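**Student:** If you scroll down you'll find the structure; I have some questions about it.
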Amino acid sequence: MTGRPFAMVALRALLAVVAGLLLFASFPPRPLWFLAPAGIAILVGVLTAVPMRRRAGFGYGYLAGLGFLVPLLPWIGVYVGPLPWLALAAAEAVFVGLFGALVVHLRSLPVAPLWIAAAWSLTEWLRSSVPFGGFPWGRLAFGQPDGGFVSLAVVGGAPLVSFAVATTGAGLAALVLTAYRRPRSGRAWTVPVAVTLLGPVLAAAAWPLVRTTTEESSTVTVAAIQGSVPRLGLDFNAQRKAVLDNHVARTLELAADVAAGRAPAPDVVIWPENASDIDPLRNADAARDITAAAAAIDAPILVGAVLVNGDGTTTNSVIVWDAQTGPGEQHDKKIIQPFGEYLPWRSFFRLFSEYADRAGHFVPGHGDGTVTAAGLDIGVATCYEVAFDRAFRDSITAGAQLLAVPTNNATFGDTEMTYQQLAMSRLRAVEHGRAVVVAATSGVSAIVDPDGRVQQSTSLFVPDALVAQVPVRADVTLASRLGVAPELVLCAAAVVAAGLAVVRGRREKAGAAARASTGAAGAPAGGRFDKEDL
């Protein structure tokens, strides 16, 4: 390949990387949510502007995936080196490559931009499901809490928000290509315009369903404690007593503020994940300190603790701790993080990284993710769980009136990870119409209203306490009722469209073969068959 063809391939490759970089830039802490449709538009434009094979589509999609995920996920390697970070980004980019192949496959269908958007939904679902339970980080919806599309979360959750972003981007690509080709018929503009406007119109129609916090009939006062950690890095787990002491001390400070009238008295207090890495069910000193904190604040505390099982495995748990009755109900983290809380194929990965043995030996819990404290049903998604749709969906089904996200982000330093995770909590608030309390060991902790707005938040790596009044709700949003149905419909649409494209392709090949056969039979001696010969 030389000259102009090589230059065009290089240009398309560069544009694919730019598309991925725009997707990355659309994510928090930057409020540039509108760059996501632009990124999708550029990628779809690259894949549909000229004919190409599906494998070429995969290649351009893979480059876009690298441009997107490599800068999105560097927090993975902050303290374990670049290999795990780059390996994860390279593996997850495969799903964006699959999207590229599907775009090429679907491009000739009627209303192609709509099916292309459904293909994005399908590949997001796949990436969120496999391997090892999936990795949903980087779903388009998680970059949209400040954007106009977030209202659709109340209708169809994260899948519908991502689909709306993808339809807008695919529609924009079709608009630009239509303008470039200058069609004589005005009908050629119908599909690009309709698909481009579909997402914004649906989002505008959904906004009245997003309830604000004004005039709530029932409220509760909650507190989130951020005790912080003595220092950064993987040594966090060697600082277990100091971390517990920090959270006890900050709770006692809040109790003093309440007694002095400087802060309202909370009905329930939420500590972060790993606030007590010392098992308080086995360690009397830890239990005594937590009980003292609960007594001082005069409210039950949801304590993030690591519990040791009889077989040596551990559970990442949140325990309701009452000053009078001690430990009560608990949520054992159900969706545990591969390569962190447990390591698949440990002996294999030990060959590549000395950090393999630092991965935990956690086992998943069971249940509906709901605990009761102070007469309030609280849905709990611990850290990594908040990225998965099913975590809070189970809690809402069980009657959760308030949602909590205890998290420990200390091992990721001052990277963008904690802001990316907070965006997920904000989306969940809109999706389920519930206030969400985020309690982080080192930040960012936050109290999020049911409309996704952050009522209060903390800075990184400073001890702090948030106290706020939030609504208590029992009604259920449409997204909570529909559950997985919107995502199933979108994925099924992509699969059906892919099947139709196969049928269409076979018919076109059969027709071409028939025309070639007819042409060979009726062609002049030179073997050429032109329209003039008809």
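Note that Cβ sites are derived from N, Cα and C of the backbone, with glycine treated the same way.
What TrEMBL says about a protein is an automatic prediction, not a curated fact.
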**Student:** Any idea which of 315-336, 513-534 is down as region 'Disordered' in TrEMBL?
**Tutor:** 513-534
**Student:** Quick test of your reading of TrEMBL: among 32-50, 488-506, where does it put transmembrane segment?
**Tutor:** 32-50
**Student:** Check the transmembrane segment (57-77) against the transmembrane segment (148-177) for contact, please; criterion is three or more CB pairs under 8 Å, pairs 6 or more apart in sequence.
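**Tutor:** Answer no, regions not in contact.
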**Student:** State, in range form, which of 83-104, 148-177, 189-210 has the highest count of Cβ pairs under 8 Å to the transmembrane segment (111-128).
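**Tutor:** Stretch with maximum Cβ contacts: 148-177.
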**Student:** Give the mean pLDDT for the domain 'CN hydrolase' (220-472) on the 0 to 100 scale.
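**Tutor:** It averages 94.
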